[in-house]
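Let me begin by presenting the structure, written as structure tokens, before commenting on it.
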Amino acid sequence: QGAVHSGKHLREVSADIVLPKCSVGLPYSQYDTYESDGWVGIGGYSAGGLIQTGVSCYVQQGKDPYYKMWTEFYPALETFYEDENLRAGDVISARVVAHSESSGTTYLHNKRTGKKFSKTYTNETSELNFEDVEWVTESRLFTNQLGPQGSPDAKFTPWEFRNAAYAHKGGKKQKFRLVTGSHMLDTVLNNATIAKGILISPGHIQVNDTTPTNFTVPGFP
């Protein structure tokens, strides 16, 4: 559901995230809150720590969708920011910089409203290994032996990550391209591809909602 670049000494990742329109997705539920998340991060694809920042869209049946910006150094809890004016089409500049294995700073900037947020982490318990950076959307619904868990996925117009770039320690920013160590990601749930990552051009990643019209998850809701 996006793109990842793997390598060594990766210390920075960034993109301009274009917020999609969100609506109630599948499987259908009258009362659940549907969610779709878009973020950039360091460490999400490999073992070890993860520092990330991005935006989530939430929607319930019969209600308007709403958005929240957030940051996280996993496994610590997310920090949410107050920006009640977020809406579809907003361009959010997102950037993550790792200072050391246990420290880093995340930045968010709503280019329409001008609001800026940043958070610096220090002495985190889960250490980064600097081996991957990613530009992804995330499914909060998963299945295990207990059945479906988490929030169902919102239907969305394409998430876009423009000017997607990364930097090695001491190096210059490079646009994301399909070179050695880079590849696109899809989301597969219950044997169906529900989101697909596409590289439009160097530095321009798009994630499309490909949920089949007959998509179901046994046991949900």
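Each residue, glycine too, has its Cβ placed from N, Cα and C.
Automatic prediction, not curation, is the source of TrEMBL annotations.
What TrEMBL lists as active site, proton acceptor is E138. Following the DSSP three-state reduction, the secondary structure of E138 (active site, proton acceptor) is strand.
In the structure as shown, the Cβ atom of E138 (active site, proton acceptor) sits within 10 Å of 18 other Cβ atoms.
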